[in-house]
Amino acid sequence: MDHLPIFCQLRDRDCLIVGGGDVAERKARLLLDAGARLTVNALAFIPQFTAWADAGMLTLVEGPFDESLLDTCWLAIAATDDDALNQRVSEAAESRRIFCNVVDAPKAASFIMPSIIDRSPLMVAVSSGGTSPVLARLLREKLESLLPLHLGQVAKYAGQLRGRVKQQFATMGERRRFWEKLFVNDRLAQSLANNDQKAITETTEQLINEPLDHRGEVVLVGAGPGDAGLLTLKGLQQIQQADVVVYDRLVSDDIMNLIRRDADRVFVGKRAGYHCVPQEEINQILLREAQKGKRVVRLKGGDPFIFGRGGEELETLCNAGIPFSVVPGITAASGCSAYSGIPLTHRDYAQSVRLITGHLKTGGELDWENLAAEKQTLVFYMGLNQAATIQQKLIEYGMPGEMPVAIVENGTAVTQRVIDGTLTQLGELAQQMNSPSLIIIGRVVGLRDKLNWFSNH
């Protein structure tokens, strides 16, 4: 993060703009809207500045820039078309430890001005760090269309209710659930927009007096195979509303960065063949946090119901009467194959696909005869350590040794690595790869050279 986003309280504080043209005017509007006591210095001014000065909204100082203008300032903006003058203003401000923005020269500035969506008291700022103002503007326009104009009224009304809500609801969890109900209540929003005081009061009383469910809840969320862009919209919404996030090793750092900043994070460290936290203990963590009235997200790589033991976790919650829901994720088979240029099914090569766990332990034996059949694709999860056994068994039951195979490591991530070969090489190939990896076996692997798109990007 190159810049710390902050919102400055400038009401009745001295600010200086050096420049009297159109760019300076745009900056002046922002500072006036923020209530600043504004001085503008320039050799000449466009008419708007004169009109503001005549209305007593700001002070004009006509003439060359003098550093003494900064003596009482909280904040300054250099907005002239003279680069040398802008640099001089910046250096003079820096020597006085005054924040200074230099228009179109972010490297010379001690702060930058973001694009702003104003739904006061709700403010949203979008910045590209000065590298691409056009991109920031485009993002602002998209956000403008998503945020209702009356959102500011709802936020302001919420501020008026804070004292009462604090008295009414004892815990932070109860208050948060109340606020979530209020902010998504369309009737209240419309009543505020129409200034319908009767409807505002009725809706508010109904929301406050409705009994809250004191039980917490658990949401099982599939994080997808790695690329944060593959996280579903609903999954994103859930992790941003969570009080507690219980996650494992397969959840990428990019996805973890999307979690609510004040949420508790509990790492349970699961990976193929190794469990830092036993499954039963994970079940109890979910149960314990939910019983405290918290909203818990169990965040799993891929899809929670495909070799994720999500069903076992939900059985524990169900037996304890804890509400739960599931947000599916893109499973590793889909993500890794797509990012490797390997279609799992193909009219000419595979009419079915099988997802198989590579955990060949506790004496369990797979149906190798059916797995060795033609016209299908096999995807082995967590099969890296058993690759030699998989190779031996499939050949033993009749699969041709020249059957194409691929191993995908860190699928969909920027660190993705793929090697391919034939079934007779599978055990040897596996020794070159690290977990997490996925094994794909079938004729469709032969299409990889033609369809591989990700490595070219």
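Cβ coordinates are placed from backbone N, Cα and C, and glycine is handled just like the others.
According to Swiss-Prot, the feature region 'Precorrin-2 dehydrogenase /sirohydrochlorin ferrochelatase' maps to 1-204, an assignment based on sequence analysis. Summarised as a single figure, the pLDDT of the region 'Precorrin-2 dehydrogenase /sirohydrochlorin ferrochelatase' (1-204) averages 92.
Using a 10 Å Cβ-Cβ cutoff, Asp22 (NAD(+) binding site) registers 10 neighbours. What Swiss-Prot records for Asp22, Val23, Leu43, Ala44 is NAD(+) binding site.
For Ser128, the entry in Swiss-Prot reads phosphoserine, with the evidence type sequence analysis. There are 17 other CB atoms within 10 A of the CB of Ser128 (phosphoserine), with all protein chains counted.
Taken from Swiss-Prot, the feature region 'Uroporphyrinogen-III C-methyltransferase' applies to 216-457.
Using a 10 Å radius centred on the Cβ of Ile306 (S-adenosyl-L-methionine binding site) and all shown protein chains, the other Cβ atoms total 18. In three-state terms derived from DSSP, Ile306 (S-adenosyl-L-methionine binding site) belongs to neither a helical nor a strand segment and is classed as coil. Residues or ranges marked as S-adenosyl-L-methionine binding site in Swiss-Prot: Pro225, Gly301, Gly302, Asp303, Ile306, Thr331, Ala332, Met382, Gly411.
Swiss-Prot lists Asp248 with the feature active site, proton acceptor. Within 10 Å of the C-beta atom of Asp248 (active site, proton acceptor) sit 20 other C-beta atoms, taking all shown protein chains into account.
The active site, proton donor annotation in Swiss-Prot covers Lys270.
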Within 10 A of the CB of Ala44 (NAD(+) binding site), the number of other CB atoms across every chain shown is 8
Lowest 10 Å Cβ neighbour count of the binding-site residues Val23, Leu43, Ala332 is held by Leu43
Given the binding-site residues Pro225, Gly302, Gly411, the candidate whose Cβ has the fewest other Cβ atoms within 10 Å is Gly411
Residues lining the S-adenosyl-L-methionine site besides Pro225, Gly301, Gly302, Asp303, Ile306, Thr331, Ala332, Met382, Gly411 (CB within 8 A of their CB center) are Gly224, Leu250, Phe307, Gly308, Gly329, Ile330, Ala333, Gly335, Cys336, Tyr381, Leu438
Around the recorded NAD(+) site (Asp22, Val23, Leu43, Ala44), other residues with Cβ within 8 Å of the Cβ centre, ordered by sequence, are Gly19, Gly20, Gly21, Ala24, Ala42, Phe45, Ile46, Ala79, Thr80, Asp81
In whole Å, the longest Cα-Cα distance within the recorded NAD(+) binders Asp22, Val23, Leu43, Ala44 is 15
